[in-house]
C-alpha cells in the first residue's frame, strides 16, 4: 500500500522546521558570545565543511539512492553493504590524507587560531554526517519519514545542548561548536550501525559499486561547484570588506537558505524516489506536471513567508545593526527556490546516467559566480554577493533545462507559474515599502500575516486553485479533526 506523498512531505517539513528553529536559536548566542567578526569566521569554516562533504565518501549514498529501486529485497541488502563497506575504506583514505596534508591546507584555507585542529574537526564532522546520511537513506527510500525525522531531531537537540555547554560555559569558541556536533554524530552513527547489524556483511559487489560510483562520482564536480557558489562570496567579502560584513551576510544567507530545509529539501525527499518511479510510465507527464505545480504553489508561499517574517525575527533577537540582513534574504531565497527546480529539469541527465553533465553545469555556474563576485562585491558589498548568487543559479537552471530535455523531455505548464511569480513579487514589494521604516514587531507581523492571506486569496480569485480543491482540503481537515 502506497503511503501518501503529502503526509510524508509534511513529516519531513515538520522535522526540518524544528531542526532549523533550534539552529536559529543559537544564532543570537553565537553573535553575542563570539562577536560578529568571529561569527564571520565561523561562516567561512562552515562553508569549508560543505566543500569537504562533497567527496569524503564520494557521496556514495547518491548512487545507492539511484539504484535501490532496481533490485529485489535480497540484492538491496547487498547494495547497502557494498555502499557501507566502500564508505569505510574511504574513511581510512581520508584520515591518511589529513595526517599528510592537513597542516598545510588548514593554514592556507582557514588561517585562524588552531586552524589544523579545526580542520580535523571539520573532516570528522563531514565523515560522520555523510555516513549517517547513508545509514538513513533506506528509510527515506521506503517513505519511513518518522524514523529519519526523529533521529535527526534527537541529533540536533543533543548537539545544541552540548554546543551551549562548550561555547557558553567552557568558552571553546568555534572548536567547541564542532566538538559538540562530532560527539553527538558519533553516538548517532554507532546507534544506527548497531540497529543495522543484523543485515550487515563484509561484502562488496564490484558491479554494484561500479554503477553507484559512476553515478555518485559524476555528481562530485557539481557538489564542489555548488559549494564554490556559497564559498567564494564569503572569501571575497572577507577580502574586499570585513569579517563583520561577512557575518551579517552569513546571517541573512542562513535565513535565505531556510527554504531548503523547510520546503525544497522535504519536497525533493519525496520527489526524488517518485520521479525515478514514474518517469517511464505512460502518464509520467501528468504526474510530473502535478508535482511541478505543487512545487510552485507551496514554494512561493514559503518564499513569501520567510521573506516577510525574517525582519520580525531579527527584531525579536535585538541584533541591532545586523537587522539589515533581512534585505538580502529574498535574493537568497529566490536563488535556492529556482535551483530547486533543477530536480525536474535534470531528470533526463539522471535516468540516462549522464551525471557528469551536472558537474559541467555547476562548474559553469561556479565560474560565473566567481566573476560576478569580483565585479559586484567591491562596489555593492553583501548586496553584490546576493545578486551574484541569484544570477548564477538562474543561469544554471537554464542550462539544466536545455541540456536535460535532450535526454528526456516533459513539457511543463508554466502559465500558472508566471501568475504565481507576479503575485509574489507584487506582495513582497508592497511589504518592503510598507515596513521599511517600521521597528515595531507586532505591526510587522500583522502586515506580513495580512499579505500572506492575500496570497492565498489570490490563488482562488485567479483560479490557480479551484474552489473544489479548497473544499476538498477543508473536508479532509475536518475529517481528521473528527477522527481525533
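In case you wondered, yes, glycine gets a Cβ from its N, Cα and C as well.
Quick look at what TrEMBL annotates:
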- 9-31: transmembrane segment (TRANSMEM)
- 43-64: transmembrane segment (TRANSMEM)
- 84-103: transmembrane segment (TRANSMEM)
- 115-136: transmembrane segment (TRANSMEM)
- 148-170: transmembrane segment (TRANSMEM)
- 176-194: transmembrane segment (TRANSMEM)
- 295-316: transmembrane segment (TRANSMEM)
- 328-347: transmembrane segment (TRANSMEM)
- 359-377: transmembrane segment (TRANSMEM)
- 383-403: transmembrane segment (TRANSMEM)
- 415-434: transmembrane segment (TRANSMEM)
- 440-462: transmembrane segment (TRANSMEM)
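Contact between the transmembrane segment (440-462) and the transmembrane segment (295-316) holds: at least three of their C-beta pairs are under 8 Å, each pair 6 or more apart in sequence. Only residues 6 or more beyond the boundaries of the transmembrane segment (328-347), in the same chain, are considered here, and those with a CB under 8 A from a CB of the stretch are 249, 252-253, 255-260, 264, 267-268, 271-272, 275, 279, 288, 291-292, 295, 299, 303, 306-307, 310, 358, 382-383, 385-387, 389-390, 392-394, 396-397, 400-401, 404-405, 408, 410, 412, 428.
If you count C-beta pairs under 8 angstroms between the transmembrane segment (176-194) and each of 84-103, 115-136, 148-170, 295-316, 415-434, the highest count goes to 148-170.
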